[in-house]
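S.K.: The N-acetylalanine annotation in Swiss-Prot covers A2. Sequence annotations record features per position, and here Swiss-Prot assigns region 'Disordered' to 129-171. Look at Swiss-Prot and you will find 129-143, 161-171 tagged as compositional bias 'Basic and acidic residues'. According to Swiss-Prot, the phosphoserine annotation covers S155, S157, S161, S283, on the basis of similarity to another entry. Annotated domain 'ABC transporter 1' per Swiss-Prot: 178-424, in sequence order. Among the features that Swiss-Prot reports, ATP 1 binding site is placed at G210, R211, N212, G213, L214, G215, K216, T217, with the record citing sequence analysis. Marked as domain 'ABC transporter 2' by Swiss-Prot on the basis of sequence analysis: 492-707. Positions annotated as ATP 2 binding site by Swiss-Prot: G525, E526, N527, G528, A529, G530, K531, S532.
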Amino acid sequence: MATCADILRSEFPEIDGQVFDYVTGVLHSGSADFESVDDLVEAVGELLQEVSGDSKDDAGIRAVCQRMYNTLRLAEPQNQGNNQVLLDAPIQLSKIMENYDCDTKLPGLLKREQSSTVNAKKLEKAEARLKAKQEKRSEKETLKTSSPLVLEEASASQAGSRKESRLESSGKNKSYDVRIENFDVSFGDRVLLAGADVNLAWGRRYGLVGRNGLGKTTLLKMLATRSLRVPAHISLLHVEQEVAGDDTPALQSVLESDTIREDLLRQERGLSLKIAAGRAEGSEAALLAEVYTKLEEIEADKAPARASVILAGLGFTPKMQQQPTREFSGGWRMRLALARALFARPDLLLLDEPTNMLDVRAILWLENYLQTWPSTILVVSHDRNFLNAIATDIIHLHSQRLDGYRGDFETFIKSKQERLLNQQREYEAQQQYRQHIQVFIDRFRYNANRASQVQSKLKMLEKLPELKPVDKESEVVLKFPDGFEKFSPPILQLDEVDFYYDPKHIIFSRLSVSADLESRICVVGENGAGKSTMLKLLMGDLAPVRGIRHAHRNLKIGYFSQHHVEQLDLNVSAVELLARKFPGRPEEEYRHQLGRYGISGELAMRPVASLSGGQKSRVAFAQMTMPCPNFYILDEPTNHLDMETIEALGHALNNFRGGVVLVSHDERFIRLVCKELWVCEKGSVTRVEGGFDQYRALLQEQFRREGFL
């Protein structure tokens, strides 16, 4: 029998993930509230009407609600009467007892503890209506509701310094360095950092690196929310959420991020109006002169030009800079959030994977721009070349601690290897010394003449510092299954293809490209140039307006979307996710498949929502490779992956026996995998014979012509 979730997915295939989570949460938590289908229509009908657009009228929405209401009633436990239910299959008690683990909660209990986060603004009306209904009926009965999935939140604690507290409270602390010592960060029961120290010197640019899931993003959030003590006089900005869409033009939105300038302009307008109306007092004229002086000091008149340069560098055309923010997609609004942060120039700028939202051109511009950044930056990035370009220092998060290194990423790699080698040598030397002393103690322990020497040696052992063996990070190894028979070309090609959604805006004209099982093709180009559209044409998800797509009859494509997280059910475990996608296989097979991509042990059983961005990507890879494709089409596969996994992914693709076409902005990854480089621009795709070096040189020359360098 179909569940309410199944009905929602079948009737509204385009339903937003947050709306889906909210509606299913209402259905399950408020099922006791619904005495009739009218109650259910009142609770979620209006929301479903918005989701359906014009595809369903009121009667259609009511019919869907009737199906879900019937499903809820059938799912209720029947404690009275002798109702008989026909089972789908016989129950084998012996197998149930074999699989039952007394220490493991039953699935039904687990679901009660799960929840989903919902966009409160978007669903405010529906929530208010449901709340009123629940309050009205609370006097009649006690409702048994299951709570929505609330993810664990991070917490931080740190040792306080009386001296720093006194300086802070007295206002005498004028330093812009950030020093946080002996602090802990936890995420639920997991300890991410223990007794850690972080020192951010003013004007330095720090790259924060480490494996997926260790707590880099959490550390940024702890700093941004000041859960870790950052001096109050230090302004900071954390680029995390996209800009809210409204009627404000993009350029004006950036200008408004400078609150000091906006406040001065507001004062200037108010004072000028008073003076013009003849209502000003003598002191207000002096105050206006003071405001003008301050505006001149911060070069307020040059602000629009500076904001425009930042927006242009991030890919906003002059026309786009005048568009209302509500007209931009989520990716462009994230760029807008980055532009606002760059324009505001905070004392401490916190960036979390800024290159994920950018194309190669914008990344190169950002590298150049940040190299002259006047204050402090802490950036989480897995883009090796980006860190080499902008970082003056590297902070390595591992083993629940933070280690600092001077220099860019390549310098960090060399220094880390030397440090580990020295630590190993010191550990081995001490172990050898301990063994030497222990041999003496064991030999003369019962010799009365040597008793004093034995005691001396024992004290010597006790005083030796306890050195731990070097904690080496495990090597990441990925392998794509390739147990398939190779076949002859042509494999996949587009011939003279035209494509557009609107005839007035042609995306591709007479596009001709081809790929075979030996291909290692990387597609680059500015955002909006049509890279993802071309991938969908190659896959057959989009049909050409004119022209032909040829695909070999044995071709089996595996597709990785840059929006893969949106396509995962975040409320179930990775094992359950694969079981739903590929039913009928033993659990060990799902676990083995996930283990290939580093999702093993308890990670495989945790809700996908609780995994880090990189771990979610690994789950998506496990799902993509389960059917053993012979050709991969990958759209930004390195987003959120740590450097070791990116490296392993590159080697896995090189060893794969099938074909690969991918879109990426990661320079090192492109150089590692790419045999052909295609540039997507102006409605066509061009092969660059000189590879990435030639493409980078073309972009740098373009920057010089446009005055960015």
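Here the Cβ of each residue, glycine as well, is placed from N, Cα and C on the backbone.
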S.K.: Around the ATP 1 site (G210, R211, N212, G213, L214, G215, K216, T217), what further same-chain residues have their C-beta within 8 angstroms of the site's C-beta centre?
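M.R.: My list of surrounding residues reads L397, S612, G614, D642.
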S.K.: Within 8 Å of the Cβ centre of G525, E526, N527, G528, A529, G530, K531, S532, which other residues of the chain have their Cβ, at the recorded ATP 2 site?
M.R.: D359, T533, C680, E681
S.K.: In Å, rounded, how far does the Cα of G525 (ATP 2 binding site) sit from the Cα of R211 (ATP 1 binding site)?
M.R.: 29
S.K.: Enter the number of other CB atoms within 10 angstroms of the CB of G530 (ATP 2 binding site).
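M.R.: Its Cβ shell of radius 10 Å holds 23 other Cβ atoms.
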S.K.: Which number gives the other C-beta atoms within 10 angstroms of the C-beta of the residue listed as 'N-acetylalanine', all protein chains shown included?
M.R.: 12
S.K.: What is the interatomic distance between the Cα atoms of S532 (ATP 2 binding site) and G213 (ATP 1 binding site), given in whole Å?
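M.R.: So the Cα of G213 (ATP 1 binding site) lies 28 Å away from that of S532 (ATP 2 binding site).
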S.K.: Counting Cβ atoms within 10 Å across all protein chains shown, which of the binding-site residues G210, G213, G215, G525, G528 comes out on top?
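M.R.: The most densely surrounded of these binding-site residues is G215.
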S.K.: For the domain 'ABC transporter 2' (492-707), provide the mean pLDDT of the predicted model.
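M.R.: That region's mean pLDDT is 92.
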S.K.: Roughly how many Å lie between the Cα atoms of S283 (phosphoserine) and N527 (ATP 2 binding site), rounded to a whole value?
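M.R.: Distance (Cα to Cα, whole Å): 53 Å.
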S.K.: Hey, how far is E526 (ATP 2 binding site) from T217 (ATP 1 binding site), Cα to Cα, in Å?
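M.R.: About 27 Å separate the Cα atoms of these two residues.
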S.K.: What is the number of other Cβ atoms found within 10 Å of the Cβ of S283 (phosphoserine)?
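M.R.: Summing over all protein chains shown, S283 (phosphoserine) has 8 other Cβ atoms within 10 Å.
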S.K.: How long is the line from the C-alpha of G215 (ATP 1 binding site) to the C-alpha of G530 (ATP 2 binding site), rounded to the nearest angstrom?
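M.R.: Roughly 35 Å, rounded to the nearest whole number.
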S.K.: Sorted by position, what residues of the same chain at least six away from T217 (ATP 1 binding site) have a C-beta under 8 A from it?
M.R.: D352, V380, S612, G613
S.K.: Counting distance between Cα atoms, which of the recorded positions A2, N212, L214 is nearest K531 (ATP 2 binding site)?
M.R.: N212
